[in-house]
């Protein structure tokens, strides 16, 4: 192959000039934005110090205003014409800092804008955007996307080759090796049968992955480095490195100058970075102790929160709209073939998602697509189970006894009031039919299959995850020592004592365990417990609401209202519960973030895990508490009719049927939430678009006159500034369309996928844990996920700024949550079948109490007798019936549980134990039988390891021979230099014996290597070992580098004065 880089690079990478610096060669890897303000001199100084620190780490910088005027830059030394350009100090409307040393940054303030508008800087919220933020942004069109204030200044950053190679080694990035074949890939058999689901293969071309190795500075000859070295690292890798630098770069507070000492210096908008820093500057920066880091104002996050900068983000490629060029790039590809509802039933271009957004985003969509695909067979099975219950309605004996024979069964009133009447069982015919749709033997089988499906899905995803991690070169990603969070350092630098970390050897701030850690843990735990109690309090409120509604409707004169009172109370109670869930979710999100911030976690992994567990626990209680109550508690709260003397009494589940209420609750919460969210996302953008259109028209009319007054002066200033630029750079001047457009997009925050994962985990819990009550849950989950994939894709591509996330090899802690949910699902399914449905009651009756072994007489079996004299309602009947296993009023102990009750209860516990045991054994067998790493991947890993070892060995041998050849040439050079030095000494009448010199010359000619080692004879000053020589990545033959560039400082002592140790 020609280039190893080509095997991991998309052919659609954008080359739009807006993505590059003014030289058209260096690509803009990151953008910092701030608003110009002439009054905040201290902010300008802090900004300048921060950019100086970036320049010391060999980060190249260009600063432009929103109109494309150059305000400052660090320019490569070979750009002689451009680097010598300066602005004259006579322009009073331009100000700049004093000229800096080469390699530092010179910042000049922005010319006065014709729109005299300065918006105060506000702290940036790092939380993910809310749904209202997404609606507002989705309403923006092409005209409003550039309606940003003209006081914006954009700082464009480019990571130099030295910075990228250093951090690539530090972050252990795996890069393609030279002269290696592509990894063997075997197409899946299933792909041949689902060709209709694949996109156009002429557009979605496969991105092959090559054999890789962790990058090493001293072994660059191993890697396939292209002629243009900037193409060696992808845009995601460059953004990741810059994000790492920005979050950990700071400046000392004492470096800030007093604002009273500020003056107007001479103008120097452009400085060279000929001497940016020494080659070890990056290494020394990282080697600084954490104590030094703690004394600095650390990280871009701190500067954004202080208002020094307004935003920091990598640029998107141009979008496919009227403002962008017509080139076909990766973003347009993702817009058309991924972030579109037209591609609803097409496969996702996962490789392009990974190439454009990184592994974290790609893993989320790969998991979501895999989960959605696995929902398809279980959704079909759920439909079959539901249709089986529907077809069995006509021949069902229970429905026959309720609907056809129920008029002969006299039921007791549902409340103590005289307005509650006696009723016949046939009035519950509709409810019984709805209940029998899900309460049958097919549902039990479906619950067993679903429990096994959860485990098999988990195992299959682990295999898929390993395959993707191997293909994306993160399979062997080692968890390196996590550096402290910048927020941790900023918060603790002045609050906590410091000590030496035994693992790292650095002086680090630490939190005293008893004095601070224990109170924080207690505060966090107590707050979470308080919120759980708050959720339960809302649940009690909903339960009381349902009881009150039932009591009111039971007293209604209309028999139809009385018969449907339980259904009305259940539906309205579920809607109220849904509203409370949304309300509590807003509180929990903010509270969990605040609690996690207070806990002061040292590393980002610790912070994310704590926040994830905390939020998921709170949302678990928020969403599932009412469902668990209906499924396992509400049925046990029923009282004997007519025994209570309170106004509102609990009747348990309506007419003794908890499964129907559970079904309604699941439909309202799960499906209702999905429908409500979809309607919001469809209608809210239209309303916001009308609002923005009205506001933009009003704003433009207000500023028309003011702009006309200032446009002449502003154009003159721009023309003067532009005329000082060389012609080749003047043609590249633009209006920073991409910077402005991305600035208007939503900030994804540090956790852009958190809410998406959380939403899917809540749905996964609904589908796996409560499927016996709602067999159609997988179907609704499947339909929701088809739209969710495209909706989330549209948000990332069109509404969010380009996120920067750490490299990952799994979906993280969410995998553990899936494991826990799969285990809980076995228990909940067993308990729902046993205690919520009537499956065990029917089995006990059929095989124990039925006279003919059929279900005939089952309804009468489940009903007990009660005397009508317990009620104040006049009637001619002596006894009425109610749902329970209690003794009749004529027995010696009336209204107590009979032996049938305990028989059925024992059977339920036995079933739960048997179900759980069998399911656990089967899951363990499945987990043991299915390896986590596919056999194909294991073979590829072995194959790649053998080839990689062979190539590295050959490269090392070749490099050793190359170094030996260089050493021989260096020895010749040394001999030649020695001769020149001796000739100079002879000409200067030095007191050296010519015979000794001639003898030494003969000795050098006989054995050069021996002569070079005898440095003492010639007063040869010892020198450091030559640095390793790097091969050019594109050279096909060995070339000797310039010795004068790589040779260390060498010299002789001045022989004329033995006491003088100076070098000559």
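Any Cβ shown, glycine's included, is placed from N, Cα and C.
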Which is it, of 565-584, 585-604, 605-624, that TrEMBL names as transmembrane segment?
565-584
Ranges 405-423, 424-442, 443-461, 462-480: which does TrEMBL label transmembrane segment?
443-461
What range among 900-930, 931-961, 962-992 does TrEMBL describe as transmembrane segment?
900-930
What range among 312-337, 494-519, 520-545, 650-675 does TrEMBL describe as transmembrane segment?
520-545
For the transmembrane segment (361-388), could you work out the same-chain residues 6 or more beyond its ends whose Cβ comes under 8 Å from its Cβ atoms?
347-348, 350, 353-354, 437-438, 440, 442-443, 445-446, 449-450, 453, 457, 460-461, 464-465, 468, 472, 752-753, 756-757, 760, 764, 767, 771, 775-779, 781-782, 785-786, 788-789, 792-793, 796, 803, 805, 808, 810-811
Contact ranking winner - 443-461, 520-545, 565-584, 761-787, 808-826 against the transmembrane segment (900-930), Cβ under 8 Å:
443-461
Beyond the flanks of the transmembrane segment (565-584) by at least 6 residues, Cβ under 8 Å:
414, 431, 534-535, 538-539, 541-543, 545-547, 549-550, 553-554, 556, 622-623, 626, 654-655, 660-661, 664-665, 667-669, 672-673
Per-residue pLDDT averaged over the domain 'Anoctamin dimerisation' (295-350), given as an integer:
80
